[in-house]
Amino acid sequence: MNNFFAMLGDPNMRWIFLGCMLLGLSSGVIGSFSYLRKQSLVGDTLAHAALPGICIAFMLTGVKSIGVFLVGAAAAGFLATFGISFITRHTKLKQDAALGIVLSSFFGLGIVLLTFIQHGDYGNQAGLDKFLFGQAAAMVGGDVITMSVISAVLVGICSLLFKQFKLISFDPGFAKGLGYRVGLLEQLLMLLVVVAVVIGIQAVGVVLIAALLITPAVSARYWTNTLGIMVTLSGMIGALSGGLGAWISSSVSNLPTGPVTVLAATLFFAASVLLGPERGLLAKWLLRQKVKRSYHAEREVRIAEAMKGESVS
Amino acid sequence: MKTLDKLHQHGAGGVKAPSGATSPLSVSGLSVAYQKKPVLRDVTFEVNEGELIGVIGPNGAGKSTMMKAALGLIPSISGEVLVYGKPCSEQRRLIGYVPQRESVDWDFPTNALDVVLMGTYGRLGWIRRPGAKEKAEAMECLRKVGMADYADRQISQLSGGQQQRVFLARALVQNAKLYFMDEPFAGVDAATEKAIITLLQELKKNGKTVIVVHHDLATVQQYFDSVLLLNVELKGFGPTSRVFTQDMLQHTYGGRLAFLDHTIAAGATEAHGGVSL
Ligand SMILES: Nc1ncnc2c1ncn2[C@@H]1O[C@H](COP(=O)(O)OP(=O)(O)OP(=O)(O)O)[C@@H](O)[C@H]1O
Ligand SMILES: [Mg+2]
């Protein structure tokens, strides 16, 4: 706890802490829609595919800025989604196989480029290697402010277009029938995933950012049957995980932020699986016991009555 | 092929809408292919306003495909679809749609009322959320399909027939003039089927046109004013009494026709294996 307050005393750390929470919030929110559209793996692929895009963007411009990275990652994400649909359309492979191929080949290319950058002549290269697992403490004030603004925009879009995102997640055919531009909305969701990935890269890293898209959403689903509550809860779980990750990793030297953040999210997931009402394991077990007990009690009453009837006759 | 063409014309011929009036749905030369082979070939017909129309054909005949293409949900390789004289993309407000129940994942975090409210999204514009007025309308439609008591129920906890009725209520709240319903009677019990058909007849009485994919040949004559027989190609279209005959059905279902109901004019009823219709 001492550490925690010490950290909040440092204005830079305060910003980083806030940035990580906002990042968790936005990926939790956007991840809910990916999860419900059964596109969780697509998020993972987009995250891994972002790495070569970012490396190339850096090699071309030589600057480390979120804006430049966003363009690189978006271009790579676009190529990756195109690759996936190309493979599923022109071969007999299913989507999961196509995702696997695209994910690993893009990531492989990213690692090669990353090594290249580190051994090459790129002056300002320090920190790019942190993109694999994230190092929140390495972020500077400007990064955090950009990250916060983008997170706010992302959450804002999701709440403005909540109705549309809900309908295309549940019944895209009906949405089309209403005249919604479903293709466009789907691309927007995909783009928002890429945005979440990019702003999360410094803090959490490309390898594990997808967990921050999936785990909070899956955990939140255990607690509610209402989409609005699920999205909010998922955002909160993401924010808490992000905050915890930033705090713990900054208090232990050289501990990357990504793994800690993901472990924190996993903790929430475990708690949800166990304790969630209705869907949770404990709730299911308790319900079964209750039903069993009341059934047996009822049966005993019936038997007792039948015996009474018999003894009378 | 010759006889096919003749039948086709025989079917489509006599049912042109009275000239002058614009038909709620006019489809001409519609062809659709998912892969190389078209699953719908050169379908042409024009429905009359205020009718209940049954779409009949074996599994995989392209009935759902025809509806989706007419609604503009999937691209067609040729053909034109006009709804009240205009492309359907301009007439969204006039069209209501009940998809096949299996087309969505019912384990979605939402309740029955919320699903029905989705039918109001079309008139709400981009930003507005459904308010008290929309909620009241949605409740009214749930009541019409006998599901008012289930408004708050999580949709995965509804039975198949109840889910079907929720979809129907969602279409009702759209307050459209032309309805497409893909197997609204699939998996519902006799009482529900009766309730639904009463509802459809009420829609018809209010001047709406309802196109229904239907599998139970025994009830076709009782339910529908017109019948559209489909098996990749249009096999016949027109008033039920004229089109729903032994010959035409044999022609639509081909050798797959296993049995026909007694209500259909007597004729050869060669028994094949158990083919579900
Ligand atoms: N998304 C798709 N991709 C590829 N082929 C499809 C697709 N949807 C349908 N088909 C094929 O198109 C044909 C027509 O399918 P459709 O769903 O329209 O049949 P249907 O008449 O509605 O059948 P059912 O009575 O079983 O509902 C079938 O042969 C089917 O295999
Ligand atoms: Mg069908």
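If you go along the chain as it appears here, the first residue is 1 and each next one adds 1.
Including glycine, each Cβ sits where the backbone N, Cα and C put it.
Automatic, uncurated: that is what TrEMBL annotation is.
Residues annotated as transmembrane segment in TrEMBL: A:15-36, A:41-60, A:66-87, A:99-117, A:137-162, A:188-214, A:226-248, A:260-277.
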Under 8 angstroms for C-beta pairs, at least 3 of them, ignoring pairs fewer than 6 apart in sequence. Is the transmembrane segment (A:41-60) in contact with the transmembrane segment (A:260-277) by that rule? no
Taking contact to mean 3 or more CB pairs closer than 8 A (sequence separation of 6 or more), are the transmembrane segment (A:15-36) and the transmembrane segment (A:188-214) in contact? yes
Listed stretches A:99-117, A:137-162, A:188-214, A:226-248 vs the transmembrane segment (A:66-87), most Cβ pairs under 8 Å: range A:188-214
